[in-house]
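Colleague: Sharing a structure, written as structure tokens. Questions coming.
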Amino acid sequence: MSPARTPGPRVPPAGAPGSLPEASPPPAAPPHDPRAARDRWVLALVYAVLSVAAVVTLIPFAYLIFSSFKTEGSFSSGPFWPVGGGGPFDVDWSGFTLDNYAKLFGEANVFRAIVNSFFYASVSAVLGTLGAAMGGYALAKHRFVGRGVIDSVVLLALVIPGALLIAPGYQLLYQLGLLDTYAGLILPGVAPAFGVYLFRQAMITSLPDEMIEAARIDGCGEIRIFFIMALPMVRPMIGAFLLLTFLGAWNNFIAPQIILASPEKFPLSVFIAQLKGVYGTDYGLLTAGTLVAILPILVLFLLLQKEFISGLTSGAVKG
């Protein structure tokens, strides 16, 4: 007699309550998109071009850094990269010296020149930015007689080479008695045409007319509207233009060379140019001074790079 067979668990039919869900078929492979592949190739090409451009841009800066630490004898005879005997990444430190920097900071007027450059560039940046913002706000948000003429003059001034204004500017400063003064060096840069145009475009884009009208109805004066409402709306542009103006004033060589006559008033740009000797040039000393002049600009750009990029694009939408 065979043993009784125990019935197994009953499996409910598909679709019945308690039944397991049917296995879904695997998803079909996405169709090949030729545009996606093309975009990847374009992106790779863009990165390759930018990488090459970055290397080409950084090579002179690297050369400047290494040259500032070279001795006078190894400056012209040594290689660009101080390679040791262990391969291309083995640096030979025997040719490095700090004598160039010791000689630079041993000069009597170097610290005075650095202070002069900071003063000249800072005051020029603040006054130039404030004047440009005021001019741009007036042209963008005020209706007055002659506004179209002033707009045309600002645009015309953008295409006039600055070298053409050196002689008449010098004559004007001479008649005003501003030669060999910081005022004669700073005042011509207040409210530059380029800055007025940039702030005009930024004000048109970022500051609605309705906000200004509402502020006037509430009793706000024009000065308060400008400082409380207009300037905060174009804050990225302020950071970008401050950096541009500071950079231009810091690197300015022609104007201080022409306007200033007293050595104690010279900025760092003129001081470095005077390091060149009559019968020979100490290139190690010259490159050390150039590197010292570059470092403040580099630090300032790293601190304001976000405002710099967003400020340059703030007025590029409409206007």
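Easy rule for this one: first residue shown is 1, then count along the chain.
Every residue gets a Cβ built from N, Cα and C, even glycine.
Pasting the feature list from TrEMBL:
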type	residues	note
REGION	1-33	region 'Disordered'
TRANSMEM	41-66	transmembrane segment
DOMAIN	114-304	domain 'ABC transmembrane type-1'
TRANSMEM	118-140	transmembrane segment
TRANSMEM	152-170	transmembrane segment
TRANSMEM	182-199	transmembrane segment
TRANSMEM	225-250	transmembrane segment
TRANSMEM	283-304	transmembrane segment
Colleague: Based on Cβ pairs under 8 Å, which of the stretches 41-66, 152-170, 225-250, 283-304 lies most in contact with the transmembrane segment (118-140)?
Modeller: 225-250
Colleague: Count the CB pairs under 8 A between the transmembrane segment (41-66) and each of 152-170, 182-199, 225-250, 283-304, then give me the winner.
Modeller: 283-304
